[in-house]
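Summarising the annotation, Swiss-Prot assigns L-serine binding site to T231, S232, E233, E285, S385 and lists sequence analysis as the type of evidence. What Swiss-Prot records for R262, S263, E264, E349, I350, S351, S352 is ATP binding site.
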Amino acid sequence: MHDIRAIRETPAAFDAALALRGLSAASADILAIDEARRAAITQAETAQADRNAASKEVGKAKASGDEAEFERLRALVSTKKDEIARLDEEAKAKDAELTAILEALPNLPSPDVPAGADEDDNVEQHRRGTPRAFDFKPLEHFDIPGIAASMDFETAAKLSGARFVTLKGAVARVHRALAQFMLDTHTEENGLTEINAPVLVRDETMYGTGQLPKFAEDSYQTTNGWWLIPTSEVTLTSLDSGNIVDEATLPHRYAAHSLCFRSEAGSAGRDTAGMLRQHQFEKVEMVSVTHPDQSNAEQQRMLACAEGILDKLEIPYRTVLLCAGDMGFGATRTYDIEAWLPGQDTYREISSVSTCGAFQARRMNARFKPSDGGKPEFVHTLNGSGLAVGRCLIAVLENGQNADGSVTLPAALHPWLGGKTRITAEGNLA
């Protein structure tokens, strides 16, 4: 949600930032509604003052025996009451109209975010690791002989339809180990607090992080009204919803491993083979709630935490700064980490690390009390994948594949696999 005071003060800058998002100017319409709302409130306050003054005079007129003045004042009190009710309704209607516009507009890009329309305009920051030189043509994950039998799309389609997978045996074990490895790293080495939260949430929870109302079609809703979370960013960020916390307690750093559910409404025909884009998947998510002065540094810290997972797994990757047109709805700055997938001969997104400024905090009324005793202020919220488990599994399998159909697993993962080091061409851990 946007700060109406900031729009009043710098409408041209607001419109310029929207233009970077590919949107038309909106400040004139917003300020016209805001002015009408404020005028109705002012008029209602004036009418209330007039009514109060007239009410005080009614008794005096009655006591003096001035019947005509008494009736005039009584009629005035009644008229003002009706006027106040009308103006209150007008103010409420304008407030609802204003909220409807503001809640549909995305966050504004940070000044250091590059201009651009889509992923072609993103700016690479750095690359880490060197893609392996194979002496055979590397396969995509679902075609690797040691993997194919344990990654069952046919059975999943029978159970649930397209964009689902059933993992079996060694592959299921590696998938589980990856999630545990990520979560343990973030909690034991990176200082995040592990959270196990619901995957079913209320409208208000989805609204607070910006999923509703704009992206309702991208999510799943149960028949009794709960929403299945598209990411545990929703629940982790909402832990501080409606709270006023002491400044000294910040930052709050959370991590969770959860199921995630997405309809992929806008992805028809994209990534239909394999498990790169699924309706149900698992992710280890990081969320930080910070003092505004610390949010930029915190984003760099979170980025390092996510990159550190790939460093440990020895998976080559690159990090890009997203342009304004490619950022998510709630972000003011986003870095994508893209893992090298030799089967596709390209880098693919495996994590997004975003700072949202006060955008989400304003929607969910999450604030902190300054240590100097000042008025409560909105916190800043940040989120990042640490990492997407299924996509990380793909990267591990494709980068570790061998000519005989087996897969060599990263050394960092061995302790979570009981010392096993590879998946054989027959699909067994060894």
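The chain as shown is numbered from 1 upward.
For all residues, glycine too, the Cβ spot is worked out from N, Cα and C.
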Same-chain neighbours of the L-serine site, Cβ within 8 Å of the mean position of the Cβ atoms of T231, S232, E233, E285, S385 and not counting those residues, run in sequence order as V234, L236, A256, S258, C260, K283, V284, M286, V287, N383, G384
Would you measure the largest Cα separation among T231, S232, E233, E285, S385 for the L-serine site and round it to whole Å? 9
Which one is it, among the binding-site residues T231, E233, S385, that lies nearest to E264 (ATP binding site) by Cα separation? T231
Which one is closest to S352 (ATP binding site) in space, judged by CA to CA distance, out of the binding-site residues T231, S232, E233, E285, S385? S385
Rounded Cα distance in angstrom between S232 (L-serine binding site) and R262 (ATP binding site) is 12
Within its own chain, what residues at least 6 apart in sequence put their Cβ under 8 Å from the Cβ of S351 (ATP binding site), listed in sequence order? A306, D336, I337, G384, S385, G386, L387, A388
Within 10 Å of the Cβ of E285 (L-serine binding site), how many other Cβ atoms are there? 29
Conformational class of R262 (ATP binding site) under the three-state DSSP mapping: coil
